[in-house]
Protein chains: 4
Amino acid sequence: MKLTGVIPPVCTPLTPSFDVDGPSLTRLVDHLMDGGVDGLFVLGSSSEAAYLPDGHRRAVLDTVVGHVAGQVPVLAGVIDMTTLRVLDHVRAAVVAGVDGIVATAPFYARTHPAEIALHFRTIAEVAELPVYAYDLPVSVHTKLGRDLLLELASSGVLAGVKDSSGDDGGLRSLILSRPSSFSVLTGSEVTVDCALWMGADGVVPGLGNVDPHGYARLFAAARAGDWAAAKDEQERLINLFELVTVGLPRMGGGSSALGAFKAALHLRGVIDHPTTAVPQIPLNEEETRRVGKHLADAGLL
Amino acid sequence: MKLTGVIPPVCTPLTPSFDVDGPSLTRLVDHLMDGGVDGLFVLGSSSEAAYLPDGHRRAVLDTVVGHVAGQVPVLAGVIDMTTLRVLDHVRAAVVAGVDGIVATAPFYARTHPAEIALHFRTIAEVAELPVYAYDLPVSVHTKLGRDLLLELASSGVLAGVKDSSGDDGGLRSLILSRPSSFSVLTGSEVTVDCALWMGADGVVPGLGNVDPHGYARLFAAARAGDWAAAKDEQERLINLFELVTVGLPRMGGGSSALGAFKAALHLRGVIDHPTTAVPQIPLNEEETRRVGKHLADAGLL
Amino acid sequence: MKLTGVIPPVCTPLTPSFDVDGPSLTRLVDHLMDGGVDGLFVLGSSSEAAYLPDGHRRAVLDTVVGHVAGQVPVLAGVIDMTTLRVLDHVRAAVVAGVDGIVATAPFYARTHPAEIALHFRTIAEVAELPVYAYDLPVSVHTKLGRDLLLELASSGVLAGVKDSSGDDGGLRSLILSRPSSFSVLTGSEVTVDCALWMGADGVVPGLGNVDPHGYARLFAAARAGDWAAAKDEQERLINLFELVTVGLPRMGGGSSALGAFKAALHLRGVIDHPTTAVPQIPLNEEETRRVGKHLADAGLL
Amino acid sequence: MKLTGVIPPVCTPLTPSFDVDGPSLTRLVDHLMDGGVDGLFVLGSSSEAAYLPDGHRRAVLDTVVGHVAGQVPVLAGVIDMTTLRVLDHVRAAVVAGVDGIVATAPFYARTHPAEIALHFRTIAEVAELPVYAYDLPVSVHTKLGRDLLLELASSGVLAGVKDSSGDDGGLRSLILSRPSSFSVLTGSEVTVDCALWMGADGVVPGLGNVDPHGYARLFAAARAGDWAAAKDEQERLINLFELVTVGLPRMGGGSSALGAFKAALHLRGVIDHPTTAVPQIPLNEEETRRVGKHLADAGLL
């Protein structure tokens, strides 16, 4: 079955000592499912996967898969540098019972299209689950080319792609040339109505943690062909998305965005602590106050 | 004690099924120590650390630390994306009994100088061992600035740096302004005499796996002030270093270089298999033959 | 008056000896105006401005401004490295009688937001014409930030922007926060319906040289609210746009795209020679044949 | 005759209204020749060539060629985007009577090795003078590969290279494999003794404007085999070179470095105004005071 709809990358609530906060995580899952999402993507970039040790990752997998109990599909990121390391994460995810795997191109090591293809082929052989490519050049410094994706789609290696490249022209070209069973999901928060208009199947928005209802309404409007309503919802969410800048330039863009998502979830009463994993810089009081202002403006507080 | 001399990043021999080949690894360690090296750096980039699962990494640590038995210092790379993941590797390395830790800036995640500083501070607190910064922008896409390194040096966080940035001007500026106890090691294979001339303390050459005697002679000549001999040795090694290109452009630069190092070690009888970890593309017969030609030209076969 | 609609960057026909081919240029202008365009942008990147000496540029300005004779606005690119050099082009364009100026951020020289702002301010003071920023990071290696553009818009320096950054999220954020008089034009060939949907005012498509009627129909459909028709037209143009790849990887992306545009104009009988300026590599017969195939598939031959 | 020695890129003194300050320029030329330089490179990056209109460039060529009157070779930069534009500068330089041409790879336009080769070939055919490649990836975003340079050297297209890439490993590999008549000049200010040690023929240091005597002494010591003296001189110049940072981060690196060179020449009484071309940000009083401090520390004030 082709993956469609709103599949947020689930934030990973932490305790002040940087452990996984299980009760907050299950509340977050409830918040998302109440919001009407169609699936959950754990251990993605917005989940701070790059910051979580393997033990934390297993705790997240077990907590979410157990709590969701099959109500919606759960995809798991297997973010690591190269194949053998990724395969360890794949096996852990399979044991935990996830429904699909999301993997990037190799990173840190210098790579090559032939090596990227072998990487995905090897993952798919071991996973025996649908595998989605995660196209995230800002993190892995390689753009997955359309022709490579099409080759991996037609040979059954990949079930779809999460496109966080920001290249909407490339996204569209892929949409028009893919096999119909290949799922194309945009990782954009701010051009979702356009991506759906182009023919994308779904959206994986980090901001969907903060306002899942908004993205669910957007998707439903688009599916119903009510593009004006989709646009209104999208523009409201674009304004809300400004919260990702509250920490700049005192900290990096990751610290600011993930800190703001968690501060918003904390202010909305979903999670117990706004803690982000070290070495991210925490938001200060003033920055947190500005997150609250963005929530209020969006009608979320 | 300040780290000096030739400290090669030790290749990780693998079996054809991608397990750590322990007997080959101990022979490689003997080959390096017979070659006159002053220390060993395991789990660096030339060790395929980015390709090795945690179990492989532990096997390498145990094998090398056990076999070396204190004859020379053993440094361990703790290559991973961010702090908490790196700390797991630090703890494993400390348990294994290494003498120092080598860590990069955070990668994959978007970072910031304040976050990089906190990253190294946290690592140093947990390691309670000398920590060396690994400046490798080609992999982590951040250059460690001189002023950041000096601040971390003077506050006792860092014991030194392995500079693989290729920026010899920046290297020299750091050498001239560092505290005298701070060890500066170049990761270059081809400008070692120059780096030592500038005042660098040592060298961490991937090619040192293939020809440790050469780098030991180069270092000894430089220490003795016989710069003409150092230069002759360096130029011989530069010619040998051409072997890293044998696989281009059929594969990536990593596959070609690491494949050539291992093919050379195999041809020299040091390791049993030239296998590199998936998804690297293996050298073919013709490429391997060209590696042999380079070895013969350098008097190593 | 705010600039809107289809404003193609006009190709510069050349003779085989690399002179400006005036008769072909006027036929091209007629072809574009017959196609229903709303303005013309000469001396942009698709015009090979980077390849044209100042004498060529003046010939283009004089030919086009003279031939258009005020029927539609003519904008002139003033592509050069920094301010004083750009000002020479501005003066030539003003003398020729253009209606607006299109300028990039400084390039080649290392720059800074404060320097970019001063650059545009100085240009606007001298031009005494509407100035449009040309956001083209692939060429100038700087992205014009939203806040910088808004500051230059609100202070009257800039009349609009041509966004060729490919960052549709950033484009949208700019659209939602700009003063209403500030014209936002997309340089994309393939997401034009989306850009118009987001609120963009117009489009500057290189492919519009080949098929101006297509882009004019697309724009008219969008203005009429017939988004389904706009999408059909866009998807036809996306297929046509594949012609830009015919020369790859034997040559660079610029040679391939500009060579294909000119080959198409030659095959369609608009210009006399498909010549592109040295050192671009000319398309060969087979590549030209494939351009013809794309034209036929799009119903243009 | 092969080009060797110290060939500084000559700063271009400007009046406060941004005209070429001829009397200051001839004093600067005298200052450099008194300093013992072996040639002059006008219209390079340190000459603000990217900032100078064609009229300014001609004034510089005429002033310097006329004043030098054949005492040392004068090379001229022909910095522009692509071939036909560069050829206009080549012709102007030939008319002015220079002894050699310095050209970069194409920039702004997307390029390709085959196009770069054709670019240099075309320039060499028109120039009928020795042509030197200017390898400056920080400005043109392409690194000239060793094999391309060797091919252009052996076919007589290029007489040498000015390497400002900062890649001293690549520089050395080129030195060891070039034809003996091919001149290799480093653009580094801070690793000159090393470059000469590796076999480079000369140096083109921007800082040589401020202290030509220092670079002349460095070169003479290296030629005499007194490497310890060369190193002492180099280390003194490294400390002086810190003046390029006085304006950071209030302005870009170009504004800061070129502003500091000119402030130093003004403080030393060589030029009448420290003016740099718009849109560079001028140094303020405090920044200028710090330039003076660096001069005093280096014994130059």
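Placement of Cβ uses the backbone N, Cα and C atoms for every residue, glycine included.
Marked as active site, proton donor/acceptor by TrEMBL: D:Y134. Annotation source TrEMBL lists active site, schiff-base intermediate with substrate at D:K162. Residues annotated as pyruvate binding site in TrEMBL: D:V204.
Distribution of TrEMBL features across the structure.
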residue: D:Y134; record: active site, proton donor/acceptor; DSSP class: strand
residue: D:K162; record: active site, schiff-base intermediate with substrate; DSSP class: strand
residue: D:V204; record: pyruvate binding site; DSSP class: coil
> So for D:K162 (active site, schiff-base intermediate with substrate), how many other CB atoms are inside 10 Å of its CB?
Replying inline: 28
> Could you give the Cα-Cα distance between the residue listed as 'pyruvate binding site' and D:K162 (active site, schiff-base intermediate with substrate), in whole Å?
Replying inline: 7
>> Using the alpha carbons only, what distance in Å do you get between the residue listed as 'active site, schiff-base intermediate with substrate' and the residue listed as 'active site, proton donor/acceptor' once rounded?
In response: 5
> Within the chain of D:Y134 (active site, proton donor/acceptor), which residues six or more apart in sequence place their C-beta under 8 angstroms from its C-beta?
Replying inline: D:G44, D:G77, D:I79, D:V102, D:A103, D:T104, D:V161, D:K162, D:S164
> Relative to the Cβ position of the residue listed as 'pyruvate binding site', how many further Cβ atoms are located within 10 Å?
Replying inline: 29
